[in-house]
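A.B. asks: Encoded as structure tokens, here's the structure I'll be asking about.
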Amino acid sequence: MTVTKFCAVSIILLLSLYCRPGSAVKLSTFAKQSGYRQAMKYLVKYGYLECSPSSVMYWPDTVSSKSECTASDIRQAILKLQSMLKIRKTGDLDPTTMYTMKLGRCGDKDMGKRLPLSRLSQRRLSKLSRIIASRKPETGNTTPAVRHPDTDVSDAANQVTADSPESDLPSNSLLEHPEGSMDKPGDDDPDDQAAPVADDYDNDDDDDSSTRIRRDSIKLMTGAAPGGRRYRSRMIGLAPVESIDDEDPTVTLKRMRKKIAEELKHRDEVKRRTKRNIFQDLVEAHKRRIRRKLRKSRVKRSPLAVMTDSNIVTWRLPKEYVSKRIPENITKTELYLAFRIWGRFIPLVFREDNRIDSLDIDIELQFGTKAHGCNMPFDGHGGELAHSQSNEHEEIHFDDDEFYQADPDSVNNDDINLLMVATHEIGHVLGLDHSSDPESVMHPIYHSPGQSGLSSMKLSDQDKHNVQMIHGVCKGRFDAVFDWIEMKYDGDPKFTAPTFMYSTYFYRRDHFWKYENRYNRTLPDHPKRIADQWPGLPNGLDTIIQIPYRCTDGNLVIDIKTYIFKGEYFYLYDVAKNAVARGYPKRISDWFGPKDSTSVSLPSNLDATFYDSQTNEIYFFKGDWVWIYDACLIEQNACCTKARQPFSRHFVMADGSAKRITGNIDSIYYSYSKVRFFLFQGEDVYQLDFIRYRTWSLLYIGARYEIWKDICDVT
């Protein structure tokens, strides 16, 4: 009875408060007041209404003439919100709109005045603006969906086009398919032509068994008469197909989580075991101060890829700001993965650093609740999940009242996937605004991993385009590019014919990337260490070559052998045992030394190699010179019968080629996907077309990063 009286008195008091004479509020709308007020605050907070918050604290049915917001302003704001969130445009606060406004989301604005451009973005855009200033403005500009500062820096950066010679932007005008745009003008279908055989081949002075094998192999591989122009690899009995990693993306993600967690645990154990004295700390502190002074002027150069200090982005999760809900090691693992998702597509290397001065950190991450030390207090469980802001450095704040977790299989509706939220906020500090595309990681409303591509560690095409417009694309030279062929058996090798599979690899220093040609991307968990995939092989290898045949009694028998050259040595790799073959490495000078007065020794530190299946010959390159070997004689420890010859004798520039070379190449690569030979020199790629016996034409076709995209150093 007491409770009933209390409720009745409370209702009477509330009605007397809101139903005074002259009030514009009607009794029938009283139950809606709280929801309307929250909706108006939402529109103001996220930039849809520019009127001051005080004008919407008490929302009447009819807008007062003194209000800064008109009914039209509010309707337009609601329409903008509905457009951004991809819900039906009514201009009213209908149930669907009200429901969507209650969903978890990012605390950054969707509309209105942008936050200041991040320092990371300013750093990159300033570099681009200097490039723009050094040449005349160009047309055909594209404006990215990025944060615009109140300076002219972004305007200058937006003038960079894909046609700019120094631009970081990728061009879409080059190779997407082995035919079409890659063909030289005027070339016919090679399948309608005769096979390429040299005009002077029959005049070769050699008439030994190896020469006969070469002649026979040409006939077997081509099945046609001499006179053709386009080279096509005709492997006897070989029809390799691309090996595709069909692992479930969630399994890949779990494996990567486990690997990162193990590395973090190992690092912490090493730190605990290492006893550092005060003198060592003082020396390192002094070194760090010196590095900070030289940061803006010094450029670090590796022999393969140019890396400046501006490419290193440091981040930190201070001990005092770790989450109270989830363990620190799990938090760190998710943050590493989030940075990796962006690092796969831009030339920034994200590194956790707990030693340098806090003012030198690029990104600081914090967990907090309610008023947590910034001007954007959290609202408790639900609603705003996290936000970013720029102060002395970039900051990302997570609401620790949320039920964060790292398990993508969680079925609890209240759980928030930390990887999703962290990836979104990192996008902000990289300079990206909110996107209206629900598939974008920059969509303001939180989506569970199953509703987005992040379960497979993917960004949308628009996300990649926008972040690359600011930070550029990944560049750099490679030690070797190679299609590695392996034999796979579905059953007992004695009774089952093998299937030949190839995988495309890019090698640099101590790591490699596997490239999926059909999807034009690297695998999500790459790069990997060479030692983990191929035990016993050296880092920084010079070149790789596979010889698919063994010469037996004048016949070519399928027997794939893989040779790796490094410095003064070469290795034979046993693919079946996944190990270097017994007796290797061997010295190049011992095995490829001169055997008669007409031959010369193969040099050390080779630049490149390639196997010509038309003639069963191997080409070795160093500097401006080429050595040609008979593949049948390698196992016999017999050297070439031709002395070294100039690069320009066998490789001539095609008419109309935009660039020219005379040697000093990085790699020659036969692509089974594009059915072409390609030559790499720095970032330049040349297409090889067969002219006649031992003679090829070179046509410049573009930059490597425009053809094989997004091959980035990821920590």
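Cβ atoms here come from the backbone N, Cα and C positions, even for glycine.
The feature region 'Disordered' is assigned by TrEMBL to 130-228. Annotated compositional bias 'Polar residues' per TrEMBL: 156-174, in sequence order. Per TrEMBL, Ca(2+) 2 binding site is recorded for Asp362, Asn391. If you look up TrEMBL, you'll see His372, His387, His397 marked as Zn(2+) 1 binding site. Per TrEMBL, Ca(2+) 3 binding site is recorded for Asp379, Gly380, Asp399, Glu402. The Ca(2+) 1 binding site annotation in TrEMBL covers Asp400, Glu402. TrEMBL lists His424, His428, His434, Met442 with the feature Zn(2+) 2 binding site. Under the heading active site, TrEMBL lists Glu425. Residues or ranges marked as Ca(2+) 4 binding site by TrEMBL: Asp542, Asp666. According to TrEMBL, the feature phosphotyrosine maps to Tyr584.
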A.B. asks: Which residue, of the binding-site residues His372, His387, His397, His424, His428, has its CB surrounded by the fewest other CB atoms within 10 A?
C.D. replies: His372
A.B. asks: According to DSSP, which of helix, strand or coil covers His387 (Zn(2+) 1 binding site)?
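C.D. replies: Assignment for His387 (Zn(2+) 1 binding site) reads strand.
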A.B. asks: From the centroid of the CB atoms of His424, His428, His434, Met442, the recorded Zn(2+) 2 site, which same-chain residues not already listed sit within 8 A by their CB, in sequence order?
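C.D. replies: Result: Cys106, Asp108, Glu425, Gly427, Leu432, Asp433, Ser435, Val441, His443, Pro444.
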A.B. asks: Can you tell me how many other Cβ atoms are located within 10 Å of the Cβ belonging to Met442 (Zn(2+) 2 binding site)?
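C.D. replies: Around the Cβ of Met442 (Zn(2+) 2 binding site), 23 other Cβ atoms lie within 10 Å.
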A.B. asks: When the Cα-Cα distance from Met442 (Zn(2+) 2 binding site) is computed for each of the recorded positions Gly380, His387, Asp399, Tyr584, which gives the smallest value?
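C.D. replies: Result for Met442 (Zn(2+) 2 binding site): the nearest of the recorded positions is His387.
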A.B. asks: Looking at the binding-site residues listed here (Asn391, Asp399, Glu402, His428), whose Cα lies nearest to that of Asp542 (Ca(2+) 4 binding site)?
C.D. replies: His428
A.B. asks: Among the recorded positions listed here, Asp362, Asp379, Asp400, Glu425, whose Cβ has the fewest other Cβ atoms inside 10 Å?
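C.D. replies: Each of the recorded positions Asp362, Asp379, Asp400, Glu425 was scored by Cβ atoms within 10 Å; lowest is Asp379.
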A.B. asks: Out of Gly380, His387, His434, point to the one nearest Asp666 (Ca(2+) 4 binding site) in space (Cα versus Cα); all of them are binding-site residues in the record.
C.D. replies: His434
A.B. asks: Once the chains shown are all counted, how many other Cβ atoms turn up within 10 Å of the Cβ of Tyr584 (phosphotyrosine)?
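C.D. replies: Other Cβ atoms within 10 Å of Tyr584 (phosphotyrosine): 16.
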A.B. asks: Specify all same-chain residues, apart from the site residues His372, His387, His397, whose Cβ lies within 8 angstroms of the center of the Cβ atoms of the Zn(2+) 1 site, ordered by sequence.
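C.D. replies: Checked against the 8 Å cutoff, the neighbours are Gly107, Gln366, Gly368, Cys374, Met376, Phe378, Ala386, Gln389, Glu395, Ile396, Phe398, Asp399.
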A.B. asks: Should His397 (Zn(2+) 1 binding site) be counted as helix, strand, or coil on the basis of DSSP?
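C.D. replies: His397 (Zn(2+) 1 binding site) sits in a strand per DSSP.
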A.B. asks: Work out how many Å separate Asn391 (Ca(2+) 2 binding site) and Gly380 (Ca(2+) 3 binding site) at their Cα atoms, rounded off.
C.D. replies: 24
A.B. asks: How long is the line from the C-alpha of His434 (Zn(2+) 2 binding site) to the C-alpha of His372 (Zn(2+) 1 binding site), rounded to the nearest angstrom?
C.D. replies: 24
